[in-house]
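**Student:** The structure that follows is given in the form of structure tokens.
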Amino acid sequence: METTTTDNTGSLHSVEMNPRHHILNRAFALIYLFAILVLFYNHILNLLNSTNSFITFSISFSILISDLILAFMWTTSQPFRMRPLTRQQYPEKITKNFSNEINNFPALDIFICTADPYKEPPLNVVNTALSVMAYDYNPIEKISIYVSDDGGSELTLFAFMEAAKFAAYWLPFCRENKIIQRSPDAYFNSNYTENSETKKIKLMYENMKKRIEEVIERGKVGEDYINNEEELQAFTKYWTLGFTRHNHPSIIQVLLESGKDKDMTSHGMPNLIYFSREKNTSSPHHFKAGALNALLRVSGIMTNAPIILTLDCDMYSNDPSTPQRALCYFLDQTLRPNLAYVQFPQTFHGLNEADIYANEIKALFFTNPMGMDGLNGPNYVGTGCFL
Ligand SMILES: O=c1ccn([C@@H]2O[C@H](COP(=O)(O)OP(=O)(O)O[C@H]3O[C@H](CO)[C@@H](O)[C@H](O)[C@H]3O)[C@@H](O)[C@H]2O)c(=O)[nH]1
Ligand SMILES: [Mn+2]
């Protein structure tokens, strides 16, 4: 396939324009436009011939209006087909060409928003967090994960206390075995090779899952689930009489402290912070946007990383080199003045194979953003975005 690729050797990323793609898209648009014009010509003829009966006139007229709306929608989507771009990153070059960067990646703050422990099970949020805590990042201590809980739920905090303990085993397991799926749930549902080590870690995951699910079922964290004085203090300090999810002071609980907490192999760990912003019924909370604003203020004081990744609670990262891929753009000084964010597309799991209902939403996450990239840059889809 003939393509135009811009890749100065040593560059951390390349951009590819496929001229055949462009010509075919444009030719198709032209043929389609011609067909639309013929259609409207036909509609107008029908309209003129139906003036003697009110009913046939109104039918012809309403069909014309509907087709006008569809043609308008088609026209607005066409610019995205004119100049689509494909991008490629070379994270392995960060090590080669930026030897001084390898031990000095910039700090990265990761925001994960959740809002309700019953609609968004904490076990899923834990999987989201573990998939990014286990990123290949050097040093891992530079990563800080902030979990924003708009549900203000002790159940979510409990789930993350458990996750912090499990992470001490999960992170070295992923690192040493070069696991790709670093969300435990996705990993144990994949075709992994079973051996004594995977059996052991699966058992630990199942234990954590059982504890989290039992607590959710009971609706409160019983004393028998609390392991130490520190945990007890966190629950009794915040969840006092009069605490409701719509009315409570802010809660910040540091569950893992990088530099202090180590995993089972004495390797460092990222920061893990549970956070629930202050809420009261008299002021609007502005949903996820409000949560992100509060996270910006908290992280600004605690870690203030130059790069932030935003994630929803119902997703996980499926590639441990993701932050390095984003760095391929952020480390490029020539790109920097015009670079607002680096966004990854969402892919969905659990769809039927042929995706007959188009649940992948390919146009929203692939086709349109790649087309916008060739014009002025893609729109922000709200998640999976480094900024
Ligand atoms: O008061 C709230 C309400 C929601 N959320 C979180 O916001 C995220 C997105 O909400 P969801 O209900 O899952 O929306 P979706 O339609 O699945 O998400 C898409 O649409 C949202 C609204 O446009 C964007 O914010 C998301 O990034 C985008 O993935 C979730 O993590 C929620 O936990 C909060 O933190 N606080
Ligand atoms: Mn969602």
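Every residue, even glycine, has its Cβ placed from backbone N, Cα and C.
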**Student:** So TrEMBL lists K119, E120 for UDP-alpha-D-glucose; which of D67, D150, D185 goes with them?
**Tutor:** D150
**Student:** Show, in sequence order, which residues other than K119, E120, D150 on the same chain lie with their Cβ within 8 Å of the centre of the Cβ atoms of the UDP-alpha-D-glucose site.
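**Tutor:** In sequence order, the nearby non-listed residues are T114, A115, D116, P117, Y118, G151, C313.
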**Student:** Spatially, and counting Cα to Cα, which of the binding-site residues is closest to D312 (Mn(2+) binding site)? Options: K119, E120, D150.
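**Tutor:** Minimum Cα distance from D312 (Mn(2+) binding site) across K119, E120, D150 lands on E120.
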**Student:** Checking the spread of the UDP-alpha-D-glucose site as listed (K119, E120, D150): what is the longest Cα-Cα distance, in whole Å?
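**Tutor:** So the maximum pairwise Cα distance among the UDP-alpha-D-glucose binders is 12 Å.
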**Student:** What number of additional C-beta atoms lies within 10 angstroms of the C-beta atom of D150 (UDP-alpha-D-glucose binding site)?
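**Tutor:** A count of 22.
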**Student:** Does any of K119, D150, D312 have a Cβ within less than 6 Å of an atom of ligand 2? These are the binding-site residues; tell me which, or none.
**Tutor:** D312
**Student:** Name the residues of the same chain, 6+ apart in sequence, whose Cβ is under 8 Å from the Cβ of E120 (UDP-alpha-D-glucose binding site)?
**Tutor:** T114, G151, C313, D314
**Student:** Give the distance between the Cα atoms of K288 (Mn(2+) binding site) and D150 (UDP-alpha-D-glucose binding site), rounded to the nearest whole Å.
**Tutor:** 8
